[in-house]
């Protein structure tokens, strides 16, 4: 027995041969005398004194009585009892009730040899006195780990119970103060214990000094026997009659070392109202002995000298569960964990009621307590995590989850507190346990994978069904509370099965449906509008369904009954459900969601033929006279259009939605219901699987494969009498899913998503080289590109295209003029769009060459020509800027790569060389990117130790934003539940683009950080995978790319084919120009020689004569936006209406007949011959070039421009970092300590010159590049003097970063031709608009572009960027210069500033697209404005039918063309005087 547990509780008996030590009479007398003397001094008798006398039980416990007269004796009324008397008088306070009690509990069935949970009748007090002894025996294991045996002997017939344990015995010596033996002290005297020192933390069962004394008091005989190996003595003593009498202790010597404690007692059954220990009591005691076998570690437990087979807590739990399982069932799986030396925990799934079996310091806490709640709450929380994710039914609370938990706990608690002396419930606070029970992830994961989650979800489903049943409809003729319902008159009556409920897409569609009801009547048709899209009930939670107004309204209107299986529709208020939505992708989705709702909730209804109907309306109507063609899908219309001369001669009307139809249209639809009402076929078995595949989240992988089957052009055939559900899903619903993917996943060719492509298209179309507000640009883009998703979304798209901080775009196609966001918050800190301005980046047109624009496949949306299917840039932009998006069934992530690496690999491919391995690369990132697996990279920031407890962080992993790091440091500074405090302080020294934290750690924090590495501690590494690179290929099919090389190869093939097409187109255009120059020269020559007379002749006669003389008819060349599709469409509409002019021949010869009179000269003739030869030379040179050579030329141009950009970025980064370091150094000089990593050099990969970088960094006196004037596109491209090519008339410059010649705006330009570079350097224009001069911003982004390029060439030729004789073809208002100067004035005032004229009124212009002449066009060097007499080419002016100077229309001219002399080039633009006519087809224009 344990002396630590409760020495007051033990006396012993042992077996063996030993000598009886003589106890002298003297000593006995001394002992007696001493006891008597103490008794005399005491005010009341002491237990030791009373124990020496023999008394009956009635004599020991005086009773309070009243006299016969009813007058009480005050002295007998108020009494003081001894502690022993109080225990006997009030036993419930100490041992619980002494009356028989019936309750259900676990007992041991000896016949079945297993535990059994049943109702038993027992006396709690008797059970308690036995439990006190056996717990003390178990406590000895704590005091002496060598204890390995515990024996219990139970003899109900003889009414004897004995409990034996080996291990350390009770010291056999006399107590110094009490002068009696310690065994007698602790077993025969109440309130004696070894557990009163509260400063000593103990994990034993004894606590209050009662324990075994209670057993002694309620026994007729109580024997203590113990052996003390240290003193080689054995002690035995007996108490009788409820501890009222005792024998003298018998102390003998041990023959051999031994130690044990044994208690034998005979319960006073009379006190418990019993005459013997009955079977129920025996079964309880036996179960308690089994408890000890399971909870006392490494101890053999015997019952009546037979060892119990249970060993260990897990086996004990399995015994419990096996006993609780029916014979034909498998017992619940036990999930067990030995947490630590003080905690053993096991879990099993319960049957709907929380169960627990628990022990505290070997005490059976049958009612649980704080220890059980502590463990159970942890388990419930873990289960709740899974349930919340998977439960779509009724919400489940923690206590409801707990009902499915069965927990077993065996723990040791320091100085435990209980609710009473019966110790059934632990009340100790968790904080005072003295240990923690931290359940491992493995243990909790095993619980999550068990059937407990399934059981909880079943409960949630049952609860949801019960709640949903409350809203069941019925066959009611009148429904209230749904004001938007237009109810059928016969709904809910005996004719309800004939009624049709029309569900419309919105209120406007409802009004149209109601107007149609005037044709068919209101008796059998009802209408109810849906607000937006119906809820996806398959993925919705119970509360979402219960609170969804549309779902509940449909259920109420139709009269649905939850969980009912329908065989007919007679019990419904409506026998049919008809869907009326727009014939677009969203309308298809709504139909699918309604089908999904019915299949998920009432699948039997879909098996009833004719129950579900859809109402179809045309999406396009084509009319020609009395003929009408209606189309219900766009692909169907496209097929018809291709087969019918592109729809020429037909009037085409697009019906965007039901709102486009008017009331007359709707009445006509309802007049022909057989055509417009399409019944769905009864649902087949495979249909249910398809519906689940389309809408269930868990079917994502299957949905991917389904979407792979999509082929553009498929459509729903509405000529069928019935629509199969599988056809609807595979032909119509799939188009909605693909539309979602198309919005979210980029093209592999241009790397753009549709929204981004719309922005790029509009900016190219408007040549947006001057900034405009983002908010306004978003409106323009949405309007002109048929964008259907709101301007806010478009504004964000524009902002994303312009962002250039680390981790965003490697090449931003738009300029971020304003606060477009920084790496501090990953761009989320961008200003509102109304404060932001943007324009095209100079690199945009280098990457997206304008010569490709006319080769693209432009799309048409409802008759409006919009962006192409994809652009074909010279680099795969999907690799340059990466991609990320989530669609339907598919998501994508493609990292950014270095444009220089991409360019190098493209060169290798063009030259037939092997490719180099490419690693992800982010512009401005200075950390490291390391390949750790074939499809995985590790991205690391930079951290260095700069002091004993100090570190410096100068780079973060990609997309680990500065604010994220700051929040992590804050958490480490104050400490949180997940992060212990390990930081003393930190400082921030970073600017907009760089990262710089100085962090001071605690001593323990630094030690911990170094142990696990600074990189890990500060989360400075992340992984990036290339295993999900998804994009649309050139054919519009979604495709997964296994490697970067796969993307590069596919792009290479598409791009090379496009170069071949570009060359063919340019050759064709040069041939046309050659024919025009040749015919114009012959025309002038014939007039000069008198072979052709044009005066005094009618135009039609002249045309006849021109045909006779074999002059070629040449139509006006397309201009402006290369392929003006909108104009083409307008012409097509005119053709349909029969308004096209029949004088086509007149237009075809305008290039001759519109030539100005002054051009009919010999000089002009010679000039045209020369131009013809130049075009021929250019054509010959172009024909010799291969597509690969054209591509290589463009790559050269890009690399030149890219290097300039990287140089600017490099200088800015160096300056920003140096600024932060200078500030730190000025504040306090920081000594450098041990470095845990190598700092990356500050130079950025891709920089053209590291020497220049070093020089810039070291020169403190050199002015910052941020003060330099922002470079315009003209300045960017005009830094060196060009020279005409030796073999063709193409101008090239060494500084031509765009790879564009002076001829760029003319179709003859060939970017693929080489030329020698030998011109003199030419100064950029220094003139800046006074307004712009003071508002230039530091060069922090790619330099801003401008609308033209200035060049000095050998032959001056004036050229405009367009050639049209119509006023509508003048330069768009958005491109008109703000200041117009006269060429004439320039010519007369050499070197002097020309007079200026004001531009047109603001009403005629769009402010956002004004090109200020001073900033858009650089000044040219000075030469004579007047051409010499022998000049082959006089100055050519802007062509127009009307004298341009009369209306003073400002004409923008690119000053790079040859006819411009130096004085005129000093002016930014010019107008044509009214006394000159110009040739509408002069190539110099």
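Cβ atoms here come from the backbone N, Cα and C positions, even for glycine.
Database features (Swiss-Prot):
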- 1-76: region 'Disordered' (REGION)
- 136, 165, 193-195, 206-213, 421-423: ATP binding site (BINDING)
- 505, 582: Mg(2+) 1 binding site (BINDING)
- 533: site 'Interaction with DNA' (SITE)
- 536: site 'Interaction with DNA' (SITE)
- 582, 584: Mg(2+) 2 binding site (BINDING)
- 703: site 'Interaction with DNA' (SITE)
- 704: site 'Interaction with DNA' (SITE)
- 753: site 'Interaction with DNA' (SITE)
- 787: site 'Interaction with DNA' (SITE)
- 793: site 'Interaction with DNA' (SITE)
- 834: site 'Transition state stabilizer' (SITE)
- 961: site 'Interaction with DNA' (SITE)
- 1216-1485: region 'Disordered' (REGION)
- 1226-1242: compositional bias 'Basic residues' (COMPBIAS)
- 1310: phosphoserine (MOD_RES)
- 1345: phosphoserine (MOD_RES)
- 1387-1396: compositional bias 'Basic residues' (COMPBIAS)
- 1433: phosphoserine (MOD_RES)
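Structural mapping of features recorded in Swiss-Prot.
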residue	record	DSSP (3 states)
136	ATP binding site	helix
213	ATP binding site	helix
422	ATP binding site	coil
505	Mg(2+) 1 binding site	strand
533	site 'Interaction with DNA'	coil
703	site 'Interaction with DNA'	helix
787	site 'Interaction with DNA'	coil
834	site 'Transition state stabilizer'	helix
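Cβ-based crowding with a 10 Å cutoff singles out 505 as the top-ranked of the binding-site residues 505, 582, 584. The separation of residue 961 (site 'Interaction with DNA') from residue 211 (ATP binding site), Cα to Cα, is 64 Å. Counting every protein chain shown, the number of other Cβ atoms lying within 10 Å of the Cβ of residue 961 (site 'Interaction with DNA') is 23. Ranking the recorded sites 703, 704, 753 by how many other Cβ atoms lie within 10 angstroms of each Cβ puts 704 at the bottom.
Closest to residue 213 (ATP binding site) in space, going by CA atoms and restricting to the recorded sites 703, 753, 787, is 703. Between residue 703 (site 'Interaction with DNA') and residue 584 (Mg(2+) 2 binding site), the C-alpha separation comes to 21 Å. According to DSSP, residue 793 (site 'Interaction with DNA') is assigned to a helical segment. Under DSSP, residue 961 (site 'Interaction with DNA') is assigned to coil, being neither helix nor strand in the three-state scheme. Residue 582 (Mg(2+) 1 binding site) falls within neither a helix nor a strand when secondary structure is assigned with DSSP, and so counts as coil. The binding-site residues close to residue 533 (site 'Interaction with DNA'), defined as a CA atom within 10 A of its CA, are 505 out of 136, 422, 505, 582, 584. Put simply, 793 is the one of the recorded positions 422, 753, 793, 834, 961 whose Cα lies nearest to the Cα of residue 582 (Mg(2+) 1 binding site). When the binding-site residues 136, 422, 505, 584 are ranked by how far their Cα is from the Cα of residue 753 (site 'Interaction with DNA'), 584 comes first. The Cα of residue 505 (Mg(2+) 1 binding site) lies closest to that of 787, out of the recorded positions 422, 704, 787, 834, 961. Counting every protein chain shown, 30 other Cβ atoms lie within 10 Å of the Cβ of residue 213 (ATP binding site). Counting other Cβ atoms within 10 Å of each Cβ, the recorded positions 136, 211, 834 show the lowest value at 834. Among the recorded positions 136, 536, 704, 787, not one has a Cα within 10 Å of the Cα of residue 584 (Mg(2+) 2 binding site). The recorded positions recorded for this entry are 136, 422, 704, 787, 961, and the Cα of 787 lies nearest to that of residue 793 (site 'Interaction with DNA').
Less than 8 angstroms from the CB of residue 787 (site 'Interaction with DNA') sit 755, 758, 781, 794, each of them six or more residues away in the same chain. Using CA atoms as reference points, the recorded positions 136, 422, 536, 704, 834 were checked against residue 961 (site 'Interaction with DNA'), and the closest is 834.
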